[in-house]
Amino acid sequence: MSESPSEPRAKRQRVDKNGRFAAMERLRQLKGTKNKCKVEDQVDDVYDVVDEREYAKRAQEKYGDDWIEEDGTGYAEDLRDFFEDEDEYSDGEEDRKDSKKKKGVAPNSKKRPRENEKPVTGKASIKNLFSNAVPKKMDVKTSVKDDDILADILGEIKEEPAATSEKAEKVIAPAKISVTSRKFDAAAAKEYMNSFLNNIKVQEQERKKAEASSDNEMLERILKPKAAVPNTKVAFFSSPTIKKEPMPEKTPAKKATEDPFSDNEMDFSCLDDDENQFDVEKTQQTEKVSQTKTAAEKTSQSKVAEKSAPKKETTGSPKESESEDISRLLNNWESICQMDDDFEKSVLTTEQDSTISSDQQLRFWYWEAYEDPVKMPGEVFLFGRTADGKSVCLRVQNINRVLYLLPRQFLLDPISKEPTKQKVTVADIYKEFDSEVANQLKLEFFRSRKVTKSFAHHAIGIEVPQSCDYLEVHYDGKKPLPNLSADKKYNSIAHIFGATTNALERFLLDRKIKGPCWLQVTGFKVSPTPMSWCNTEVTLTEPKNVELVQDKGKPAPPPPLTLLSLNVRTSMNPKTSRNEICMISMLTHNRFHIDRPAPQPAFNRHMCALTRPAVVSWPLDLNFEMAKYKSTTVHKHDSERALLSWFLAQYQKIDADLIVTFDSMDCQLNVITDQIVALKIPQWSRMGRLRLSQSFGKRLLEHFVGRMVCDVKRSAEECIRARSYDLQTLCKQVLKLKESERMEVNADDLLEMYEKGESITKLISLTMQDNSYLLRLMCELNIMPLALQITNICGNTMTRTLQGGRSERNEFLLLHAFHEKNYIVPDKKPVSKRSGAGDTDATLSGADATMQTKKKAAYAGGLVLEPMRGLYEKYVLLMDFNSLYPSIIQEYNICFTTVQQPVDADELPTLPDSKTEPGILPLQLKRLVESRKEVKKLMAAPDLSPELQMQYHIRQMALKLTANSMYGCLGFAHSRFFAQHLAALVTHKGREILTNTQQLVQKMNYDVVYGDTDSLMINTNITDYDQVYKIGHNIKQSVNKLYKQLELDIDGVFGCLLLLKKKKYAAIKLSKDSKGNLRREQEHKGLDIVRRDWSQLAVMVGKAVLDEVLSEKPLEEKLDAVHAQLEKIKTQIAEGVVPLPLFVITKQLTRTPQEYANSASLPHVQVALRMNRERNRRYKKGDMVDYVICLDGTTNAAMQRAYHLDELKTSEDKKLQLDTNYYLGHQIHPVVTRMVEVLEGTDASRIAECLGMDPTKFRQNAQRTQRENTEQSEGESLLKTTLQLYRLCEPFRFQCVTCKTEQLMASAYRPGPSNSHIAVLQQCAKSECQTAPIQYLASVRNQLQLSMRQYVQRFYKNWLVCDHPDCNFNTRTHSLRKKSHRPLCQKCRSGSLLRQYTERDLYNQLCYLRFMFDLGKQTLQQKPTLTPELEQAYQLLYETVDQQLQSSSYVIISLSKLFARSLAQMSLQPSVAQPQIEAIPSALADVV
């Protein structure tokens, strides 16, 4: 068989003598001996006796539907079976050629004739397929039962399927899947981590149970149904065996009795490619094309009897901790099928009576809206459902463009375009628009009127009054826009507003439609030619005929929607390098109520369709395995084209309102749309609800027009915080699943699972299981109810809310608010002026909002106080302001309408007066806050039903999210309501409030150890929980009485706090339960152990160290335990006890691997490129790449020795080995060192010693770091000895002009004979030389000057060295990237760069030179007497050095910085006139 379905299959050859004919020969030889064939059950008719016409008809049915296109047109039946063709099994080359000539090709067939080919070998040979099967061990005795071929024949004769099943199980042994080893690795890693962290021995029985677990047991536990009570009302459908999609015979059966999801209406096999056909499994076909009514009844009765029979207990019983939802999904399909009767009736009901009269009123629930401003301008499509479940498409036409023409103050001269003295009137504007703009746009008619509007925003290049008269113009929305270029100047029109507003926005604002709601439509027409796939489609020419339904009393709930969850499996085609679909699972619910708690399970119909990857063939035991598979309805197709055609047919019947998927751009919806378009599947637009002919290209969501798309991954990124947002992590964090309850299937595992039929059924179950997890995640996170509430609050569309467009939500909220207040809204920014990032990628936090064109923040963000680093074992009180920025906006009435933009962008605007009317922005926030308070009051009501409780909770969450994100639109540069001056004013008041609160707390004699934007950490110095809360209440009352809207509250109490630096801390958070007992819970922020780009080994060790540091032991015992843990992990790594998965490092690709410019220093990029190239992986932007650092026999850097874990496992001759030194020095050591660096009693060198590393490197780096930190700190102690101060300085060297001997000068004197001392300038160091240095004093002075210049030049060369012990890279250049406030090393990318020669070093060196010539500071007990000439010489050299020192500003000490903390405390006291001292002269800096 060929490797690719696109190549013709080679002819079969009779080369296997031990095959079918050899078996028949053995059967003949056994005839007449004692080994007789005994058939237990007498069979009347083994073969049917028919005439030649009937035989030809049956043979045609058998072969025609399998591989002949167009139902066999052009072919003639030769009345032979395939095994009668001797030429097909001929050994000779000539026989093969003759057989090809005999077969021929029909003239009308589309099949191309086969070319002469050489005998296929290797994987392409059919031998390879059979050789993969596990051979059966032969017995010594020969009997009929032992003959496989005879057993197959008898199995076909017998009617009992059990005998065939038993025999097939003996022939085809189940193969173990490769994912088992990975599961064992994960289990071992999990067990090791638990034992390391908890130090608790696992029970022997549980450990044996974990070791005995396998994929088969897990899937049996998942798939085998529990014993259920029989239910006679269960509706049963077609058998979940493989369906070959035959053409049905025309029967007079009624349409209403057909299964809406049956595949008998269309033959998708005709869409299969010829090369993709596979004929072997046809000999084992289990279903006939047509069945009689009696046979169907018998089948139904047998199924009922089978379902009603009590289930036998299975050995693989599920765990007690398994959730009920999972058991309903995969263990109890009978209860799910119970809902299918209603499902079928509802679907058929919606298809009937879909016509509607134009005289009637149409009332429907609007879900989604769509417009195409290019192809259909001025039109909007609304999609929804009626109360009886019919899908509706409303086409609204004639939505006019609305322009607001701002008049100039004076008319412009038509020629010079300079202002004249003539004032502009509304008539002037009308005339210019009629004569110039209307003619240019070719307007046949337009309407205009004079209106008074307000404008409160900033327009670039023009000055717009806050309120004035405008000319409002309405014209056909299909006409183009007026000329808005900057070069175009109108004589009377200063600016045209509203030109960029699209039809959908105008329609929603004019009709006051805020999200999904009930709409009532009158005056419509039924479309004669439908443009949609909905049950009901009407066209409306008057937009005003769309009205909101005003119900008296409680509003009517929304109708149930139809939900469809999709999960797609893909494989890479190595020839085309494209992802091809090989499996699609579908879960659907046709009555999913969004305003009620989600049903359990969240679907009432399920099915799965599959085809084979291009590089594999169907396994021989597939039909047998699928006959036993009862977990879902499976549809098998022989090509991707047939699969997608079937999918579109089912998709259209379901007519879903909501599509649920996970990471739609990752081989899910994108692959479906790409392959449907690429394969040219007819009517591809059925993916959406509009009948379209042209694809949208890369605009994925527009293929699903009219249907909401819920991407669970994207919604989870907005709803929760997680280490990663892949499906495995979300299932573990949200659904509380265990590692054994989900299996990840990668590309390699997928191909291996297609080798056996049993593995394919497992793959189907895993695909269905993942699909059910998507629905559970959507329901657990309340994605749809929350999106509905947010959309109703903001007034945008559901699709944009589900896509995470936070900026657009706020934009529509303000659009509705300003429109209701008769304001002109700002124009949309052109797309060309925006960055490529969408709303979901934009930072909307406000404090971090930056212009991408600028290198620094456009305005100052939130205030972050300098932390007092250390370990706090007394209780620390955490307090924060509730919704600080929204409260500031309300407190100071900050709005577009109340605050004027300053002329200078760097200046802060002035706050409005207290008598100013509240602005629109504060009013909207007040409405949101008060609404949330009212909802929370309703939640506190007793006897509240679960449905109302859920609705109130989701409502208050939506109000909170909307209010907290309102500030974001002010600071987001690409927002339509961007107002930098307002955002800067809000953050300025936030910094001011935090500073005032800090000072107030300090006045109460409490230390604020840290503060960040809206929170404070206060050290109480006590360990009484209740007393700490009393202190918090006192602080709260003192602060809150200063403000009206701002509210400071207690956020928690830390029993122990490890404060490392800004935004990095760990703490034990205390809380009391209902019984008054204290509960301890760890809280981490910014630490390495919460980041995913560290290995699990480093994270595990870091957590163990953190547990010890935050424990209640004394500090010495903590450090001893930490050191013991490190020595233990060092030993276990050396012994190979640590499981391999713990060494895996995970990093995310921020772009496509090919787009990285310098991938050599990025290990995850190297691994992604290599795996994509060599192992057919599909790593792309946003994916997480796992790798390990190995020793590969090269001298490359560690970052260039990264390999995937699979590469390490499959390495030949153990060429790859783990680099344990890398993990000790680059993973464990830095993580632990950063945690304990603030503790006294340990340091980096001690940690290195515990890990078996060289501690000297870390001591040197610690000294360098200490020197730099000492240099940067202004308060270094000056009480040092001369030896301590100048121990690293170099002595002064000069050369004698006579003997050329180098003179070494460490002080003014050098030792002489008999313990005496001699002045250095008095005598040459060489005793034979008679020339004293004082005689060439000028030369000595010049050499001193040159020496000082060398030291200065050395400093300005700015040589840097990496502080990482394994790097020590020297360089003079550095990047702007910082690490710990120092430049990042570009070589290792893990260390920071330190100066080799710092300002402190230079200053000490110069001071040392000056000290040499200062005779008064020499500490000799008996100083020699010097002549006046020598004293003057020393004084001259002293002044030379001192003059150099005076030119340096390093000698100036800033007392304001030195005593900053003391001055801050003094500022809190009543001000007293004090002398201001800024600096002191250099003389004080020289005190020793």
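From the backbone N, Cα and C atoms, a Cβ is placed for every residue, glycine too.
Residues or ranges marked as region 'Disordered' by Swiss-Prot: 1-22 (among others).
What Swiss-Prot records for 79-124 (among others) is region 'Disordered'.
The motif 'Nuclear localization signal' annotation in Swiss-Prot covers 96-103 and rests on sequence analysis.
Among the features that Swiss-Prot reports, region 'Disordered' is placed at 236-325 (among others).
The annotation compositional bias 'Basic and acidic residues' is assigned in Swiss-Prot to 242-258 (among others).
Feature annotation from Swiss-Prot assigns compositional bias 'Polar residues' to 286-303.
What Swiss-Prot records for 304-325 (among others) is compositional bias 'Basic and acidic residues'.
In three-state terms derived from DSSP, Cys1329 (Zn(2+) 1 binding site) belongs to neither a helical nor a strand segment and is classed as coil. For Cys1329 (Zn(2+) 1 binding site), the Cβ neighbour count at a 10 Å cut-off comes to 15, with all displayed protein chains included. Annotation comment: Swiss-Prot describes Cys1296, Cys1299, Cys1324, Cys1329 as Zn(2+) 1 binding site.
The zinc finger annotation in Swiss-Prot covers 1296-1327, and the record cites similarity to another entry as its basis. Same-chain residues lying 6 or more positions outside the zinc finger (1296-1327) and placing a CB less than 8 Å from one of its CB atoms are 1333-1334, 1336-1337, 1339-1340, 1411-1415, 1418, 1420, 1422-1424, 1426, 1430, 1433-1434.
Marked as motif 'CysB motif' by Swiss-Prot: 1362-1388.
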So which of the binding-site residues is most packed in, judged by how many other Cβ atoms lie within 10 Å of its Cβ, out of Cys1296, Cys1299?
Cys1296
Local Cβ density at Cys1324 (Zn(2+) 1 binding site) - other Cβ atoms counted within 10 Å:
20
Taking the recorded Zn(2+) 1 site as Cys1296, Cys1299, Cys1324, Cys1329, identify the other residues of that chain whose CB atom sits within 8 Å of the mean position of the site's CB atoms, giving them in sequence order.
Thr1298, Lys1300, Thr1301, Gln1303, Ala1325, Lys1326, Glu1328, Gln1330, Thr1331
How many of the residues that make up the motif 'CysB motif' (1362-1388) does DSSP mark as helix, as strand and as coil?
0 helix, 8 strand, 19 coil
Take the motif 'Nuclear localization signal' (96-103) and average the pLDDT across it for me.
41
